[in-house]
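Pulled from TrEMBL:
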- 10-21: compositional bias 'Polar residues' (COMPBIAS)
- 4-103: domain 'CUB' (DOMAIN)
- 128-204: domain 'LCCL' (DOMAIN)
- 213-350: domain 'F5/8 type C' (DOMAIN)
- 1-21: region 'Disordered' (REGION)
């Protein structure tokens, strides 16, 4: 219908909203979503912007503006739910924001667009299930994966930014609350911009693995060694003084002083290849432009991998049917990181 907004539905989790959410939804519109979970499971529905304090939910609707569900979390006894959104005449209203997960993913909560509970229980480490589709919900995040996020950040959106879950699938998130810091630096990662933020009392730290105490999110010190670089071509520049400068593949290593790698001008389907020396588990990539004399950077790219350097497999992400296009840099100075979920196991990355 013409009342549908942001929608991402998968068999195990998803997020949906009315048109223009959180802005005013249109008059006289309708939308219908059909949620289907695997047989034998039940659906857990989490509503954004609950209008009243938590309490038991007597029936699954209907709910009207200013009289939403009494509890932000509705536990159903069905694996199939139909959600209907209908609007009449109005001047303002935020409309509907709803996320869901299945009973296969019991957790402390089904993560929504809200920030972390300002009065959480006395547990430093905890687990949250984040549904698919949190990347495009309303709300801000402050910080980055290496230093953590302000506790006022939208939790599941920050998890996508940190690269611990894929937005297309969602998933279980392990995190801890730690002492806040004076300044949270902004970053662009996994298609999301975070903001530069000031001091907060607590911060969120995301972890990979079964327990935060033993599996912190890897820092940049865990960068993989590259044994050799190769490229489809490189630019042999001759400057105004007639001096030659080669923008060869070896200059593509992050942190190299001076100019970077650049393909031959005008070349199509250019590629850069990294030989890791042996088969490795690759969980992400960081890219940066070349600000040396020229404002050069790559705005988007695809990734392929190989175990023998001959047979190449395009990266398609979490169950995707098409090659994934990663969002790259918007300038030649900043670093942009993208996570591989699931990771790439290969010796060669192109």
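Every residue, even glycine, has its Cβ placed from backbone N, Cα and C.
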DSSP-assigned states of the domain 'LCCL' (128-204) in counts, ordered helix, strand, coil: 8 helix, 29 strand, 40 coil
Positions on the same chain near the region 'Disordered' (1-21), where near means CB under 8 A and six or more residues out: 29-33, 35-38, 48, 83, 85-87, 94-102, 104-105, 129-134, 136-138, 167-171
Helix, strand and coil totals (DSSP H, G, I; E, B; other) for the compositional bias 'Polar residues' (10-21): 0 helix, 6 strand, 6 coil
Mean of pLDDT values spanning the domain 'CUB' (4-103): 81
For the domain 'F5/8 type C' (213-350), the number of residues DSSP places in helix, strand and coil: 7 helix, 54 strand, 77 coil
